[in-house]
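Summarising the annotation, Swiss-Prot assigns topological domain 'Mitochondrial matrix' to 79-112, 158-254 and lists similarity to another entry as the type of evidence. Swiss-Prot lists 1-78 with the feature transit peptide, giving sequence analysis as the kind of evidence. Taken from Swiss-Prot, the feature transmembrane segment applies to 113-133, 137-157.
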Amino acid sequence: MLFLALGGPWAAGLRLSGKRTALWASSALRDPRAAVSRAASCRGSSGRVGGTGLSAAAPVLRRVRAQIPVCWERGVRCSHTQLDKSEDGRLIYTGNLARTVFGVKCFSYSTSLISLAFLPYIFAQNNVIFGSLPLQILFYGTIGSFTVITPALLHFLTKGYVIRLYHEARTDTYKAITYSVVLSEKSTVFHQNDVKIPNSTHVFTTFYAKTKSLLVNPALFPNPEDYNHLMGYDKPFTFDLEEASEKKQLKEEK
């Protein structure tokens, strides 16, 4: 009160310092970097008054810097765990042709439905459009191929394409997601011991899960160790010549 009543230079410095401290605190909440640069410029220009404002605003800056990264770190950590882990296990594979397969099958099914919708009209105009029997056979064969054969062939070729693959490490089980006939997601659960590698190379089969053929791309596994464990390549390789010779002798005796 004495300083304010005297109106001396100290009182003016205190009033100016208080105003600048409030400005620094408010700007620090909006943009910490701008507040630091502004405080440094004020300190260089005004000397003692700027230094007082910077020292008063420093705890606010430290508090903002200490709090924001912690919140970001928690948010990133939570989102990371939610994406990687689910009820089916850990996502280890995602097919890059899932949308392509879905789109091609949808187009094939739509053309089949359109052909079936126009069949009554075509049957009604049969005698008018086609006069000869060979033309009728050719026309109906073409419609039949687009209506039945093409969707069936596409489903046969893509029924084993794996959209997503999950792995449960505790039970060492896998869950493969594929497309069904009606384009709904179908799950196949199998153990690692159920995986069988075909003796010869197949275009649309990478391995057999029990009796179901599945197709995956080894290059799309983010972790190559997951693919090696799936195929059983991480197991120790044992080859007993005596057992092989005994089996061969038994076959020859039979």
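Residue numbers in this text run from 1 along the chain shown.
Glycine too: its Cβ is placed from the backbone N, Cα and C atoms.
Small disclaimer: the values here were computed from a predicted structure and weren't measured.
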Counting each residue once, how many in the topological domain 'Mitochondrial matrix' (158-254) are helix, strand and coil under DSSP?
28 helix, 31 strand, 38 coil
Roughly where does the topological domain 'Mitochondrial matrix' (158-254) sit in mean pLDDT, to the nearest integer?
87
